[in-house]
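S.K.: Below is one structure. I have some questions about it.
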Amino acid sequence: MGDAQPVKYKKLEVPYKSIFQTRSVWGVWMTALGDAVGYQMFIMYGPTYINKALHYEISDTGLLAALPFLISIGTKFIGGLLLDNTTCVSDHYRILIFTSLAQAAMTTCFFVLTFLSEETAVLAQTVFTLTIVFNGLHCVGCFSASQRVAKQFNHILTSTMAVENALAAFVLPGVVALFAPSHSSSEWAHIFYGIVLVLLITNLTFVCITNIKPARWTGPSTVGVQDRNMPMLTRINR
């Protein structure tokens, strides 16, 4: 036992070029961009929208702004269980459908908000809550897609998602200041129209170019998953 040699591990090399050349990676990043815009809009301006556009009292604004996020915690948990335990379809279709439908529902909520004002404040608050709930469900699907595609290199994808969140938080204040200087319902409608457009583009791109299976550059750990239909000799040579 005294002659035992320490095990040497080869440093994992990140295939940056291959990652950035993979369409599915860009599909995940696109849907994550839509998620970032929707999330940052309400995390930053939810209280302002409730108080200024819907004319709720300041004493009620904090609770009404926080309540959707509290509800979202529970729906994320349930959504994650549903996503993991639905085995009647393949990973690709299960995650693609779950993620795209969640973003489509979020898009619909933003579109409905363009028609609502202080005269329909209760309905607007309900739709506001649903928007955040669907945003949370979309986040579950987005990270599931990222993990399936990138596997051991998932940190590269999630780091880029964090940058997207930061960029959304950086850009939105200027957009709100430009299009909703007085925070009226009609001004907020213009912002919501813009968000709807962003969500439509990012969701369609995700559906069209994303193949939710381990990318080739994830290496031997994908054998038996993405290479199941490859000739055995090819698998051995890899």
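Just so it is clear, glycine is given a Cβ too, placed from its N, Cα and C backbone atoms.
Whatever TrEMBL says is automated annotation, not expert-curated.
Not my notes, these are from TrEMBL:
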- 25-43: transmembrane segment (TRANSMEM)
- 63-83: transmembrane segment (TRANSMEM)
- 95-116: transmembrane segment (TRANSMEM)
- 122-144: transmembrane segment (TRANSMEM)
- 156-179: transmembrane segment (TRANSMEM)
- 191-212: transmembrane segment (TRANSMEM)
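Can you tell me where each of these features sits in the structure?
M.R.: Listed as Cβ neighbours of the transmembrane segment (63-83) (distance under 8 Å, sequence separation of 6 or more from its ends, same chain) are residues 42, 46-47, 50, 56, 94-95, 98, 102, 125, 128-129, 131-133, 135-137, 139-141, 144.
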S.K.: Which stretch from 95-116, 122-144, 191-212 shares the most C-beta pairs under 8 Å with the transmembrane segment (156-179)?
M.R.: 191-212
